[in-house]
């Protein structure tokens, strides 16, 4: 039996993907509160468990260590937890195993923000995002566009331009509830 069918749609974790700084954590917390679900931010969980910031982990243990740890956390949540709202780090969905597991076992929502709106936030993000360190705006745009191709593998896309986090969260919750009401298990 397909693993996706084994998990009832209402019980599936909701996974938020998108480029760094699009609002996955803020929106995820709001959605979790509105749906009475637990919220898990993968990056925050790793920081807590290792008692280091992501930039420190990159510096002291390396990106490969971080990506391996990130994968372990995400696969565990996908396979062993239900009813969660999960925010993935901006680069985690690049890993095929993570992508496939999330798409098979969860509902994956792509929070989509235009480059024009994202670059207005760039100065606030660079210090806390090691992947952005020492990159020009052109290099950041290239990374943004490369990742967008990966984020196109999702169950649903939510355009977030010119919307507040509260408005995005309300839209997600309303859409999920409609989908859950329409879904009839076979």
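Here, residue 1 is simply the first one shown, and the rest follow in order.
Just so you know, glycine gets a Cβ as well, placed from its N, Cα and C.
Keep in mind that this is a model prediction, so the values were computed, not measured.
Proximity of residue 23 (ATP binding site) to non-local residues of its own chain (separation of 6 or more, Cβ distance below 8 Å) is seen for 111, 113, 160, 165, 168, given in sequence order. In the three-state DSSP scheme, residue 23 (ATP binding site) is classed as coil. Under the heading ATP binding site, Swiss-Prot lists 21, 22, 23, 24, 25, 26, 129.
For 25, the entry in Swiss-Prot reads Mg(2+) binding site.
For residue 90 (substrate binding site), the number of other Cβ atoms no farther than 10 Å from its own Cβ, over all displayed protein chains, is 24. Under the heading substrate binding site, Swiss-Prot lists 43, 67, 90, 147.
One residue stands out among the binding-site residues 24, 67, 129, 147 for having the most other Cβ atoms within 10 Å of its Cβ: 24. When secondary structure is read from DSSP and collapsed to three states, residue 67 (substrate binding site) falls in the helix class.
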